[in-house]
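K.L.:
Please see the structure below; I have some questions.
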Amino acid sequence: MQTPGVLLLILGLLDASSSALIRIPLRKFTSIRRTMTEVGGSVEDLILKGPITKYSMQSSPRTKEPVSELLKNYLDAQYYGEIGIGTPPQCFTVVFDTGSSNLWVPSIHCKLLDIACWVHHKYNSDKSSTYVKNGTSFDIHYGSGSLSGYLSQDTVSVPCKSDLGGIKVEKQIFGEATKQPGVVFIAAKFDGILGMGYPFISVNKVLPVFDNLMKQKLVEKNIFSFYLNRDPTGQPGGELMLGGTDSRYYHGELSYLNVTRKAYWQVHMDQLEVGSELTLCKGGCEAIVDTGTSLLVGPVDEVKELQKAIGAVPLIQGEYMIPCEKVSSLPIITFKLGGQNYELHPEKYILKVSQAGKTICLSGFMGMDIPPPSGPLWILGDVFIGCYYTVFDREYNRVGFAKAATL
């Protein structure tokens, strides 16, 4: 028979673990870009001509205050998890995106010609006992047009299914999308987006889900962490943990960098080295840590230098190809952050993909110029995060990295 002291200790441990840590399994799917390429379609036919700007901050002509204009695409997003909205929860697959701050899902009231809405789960306020009408219109500007709809309030369950444990974020304002831009989202495997950036970039100044979660004291620590499985065939695709970290997913100690601007998860990068032949970001630069971006993104001219240094040749859609037989001889690329070296070996920054029945090797780097005042910026997307377990700390406004474990 257990002694009362032992029983109390066990119950205390169980209670601490259930209240402090929330695990959301992540699944990995084929990205929109790859889906379109595999069926012979051109992404360029689906989006506006010219480059897609992902990040832009501009001033309001009337108030002179900074106004966030999120020009973000999810062509390369690959990792999704499930949340619930309403009571009982209606389940949705979302991208947990540290590069934006709003939650939106398709609405049951979406426009008749919104084909993307037809093929995704839709929120129905009539089926929720905790729904509260808001009705304020919202618009999020993407490279392919404007996603629009109206705001509503309801309970958000993370994750959706109660048998996985989880939390309920009450009185969460979110977007019901009634119109999605172009036809890009038709090919998306996800229903919506759950932004995990700072409130500063939230459209309509809506309190982000994680901020509401902190306000309601639903986790012991105000942090969340990502493990992304980079095995192309591996499932689960990874795990998002709310309220803590899991040492099973990384080796050694976490090294932290302070957030330099509380909008995106922005940090200072000392420099970037391509083997011993090329140094980029000389004198330091700014970088965004973004779970909603699959690739590594940098200023166009610098990325062109990098592609040339690794022998990559341009394809369409801004992609660069490497002969697969040369991958093993490519240089190590080193990101210097906070005085620490974060190395990416060629098999990590070169992506093997299927195209027209053949396997080709693509560079994991893409060039994109982000204009001032936000830019220029580098974006450390899933290629980097897959190699380094990443902690987003709102308690101390910092980002932590440690070498990811291979499971």
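Yeah, the Cβs are placed from backbone N, Cα and C, and that goes for glycine too.
Annotated domain 'Peptidase A1' per Swiss-Prot: 79-402, in sequence order. Residues or ranges marked as disulfide bond in Swiss-Prot: CYS91-CYS160, CYS110-CYS117, CYS281-CYS285, CYS324-CYS361. Annotation source Swiss-Prot lists active site at ASP97, ASP290, citing sequence analysis. According to Swiss-Prot, the feature N-linked glycosylation site maps to ASN134, ASN258.
Show me how these features fit into the structure around them.
P.N.:
Taking Cβ-Cβ distances under 8 Å and a sequence separation of 6 or more, the neighbours of CYS160 (disulfide bond) in its chain are GLU82, ILE83, GLY84, PRO89, CYS91, PHE92.
ASP97 (active site) falls within a strand when secondary structure is assigned with DSSP.
Neighbour count (other Cβ atoms within 10 Å of the Cβ, all protein chains): 23 for CYS117 (disulfide bond).
ASN134 (N-linked glycosylation site) counts 18 other C-beta atoms within 10 Å of its own C-beta, drawing on all protein chains shown.
DSSP assigns ASN258 (N-linked glycosylation site) to a strand segment in the three-state reduction.
DSSP assigns CYS281 (disulfide bond) to coil in the three-state reduction, placing it in neither a helix nor a strand.
The Cβ of ASP290 (active site) has 27 other Cβ atoms within 10 Å, all protein chains considered.
Taking all protein chains in view, 13 other C-beta atoms sit within 10 angstroms of the C-beta of CYS324 (disulfide bond). DSSP gives CYS324 (disulfide bond) a helix state.
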K.L.:
Quick one: pull the CA-CA distance for CYS285 (disulfide bond) versus ASN258 (N-linked glycosylation site), whole Å only.
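P.N.:
So the Cα of ASN258 (N-linked glycosylation site) lies 14 Å away from that of CYS285 (disulfide bond).
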K.L.:
Taking DSSP as the reference, which of helix, strand or coil describes CYS117 (disulfide bond)?
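P.N.:
Helix, per DSSP.
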K.L.:
Which of these disulfide-bonded residues has the least crowded Cβ, counting other Cβ atoms within 10 Å: CYS91, CYS110, CYS281, CYS285, CYS361?
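P.N.:
Among the disulfide-bonded residues CYS91, CYS110, CYS281, CYS285, CYS361, the sparsest Cβ neighbourhood within 10 Å belongs to CYS91.
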K.L.:
Return the member of ASP97, CYS110, CYS117, ASN134, CYS361 nearest to ASP290 (active site) in space, with distance defined Cα to Cα and candidates limited to these recorded positions.
P.N.:
ASP97
K.L.:
Tell me which residues of the chain lie with their Cβ under 8 angstroms from that of ASN258 (N-linked glycosylation site), as long as they are six or more apart in sequence?
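P.N.:
Listed in sequence order: VAL267, ASN397, ARG398.
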K.L.:
By CA distance, which of the disulfide-bonded residues (CYS110, CYS117, CYS281, CYS324, CYS361) lies nearest to ASP97 (active site)?
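P.N.:
Closest by Cα: CYS117.
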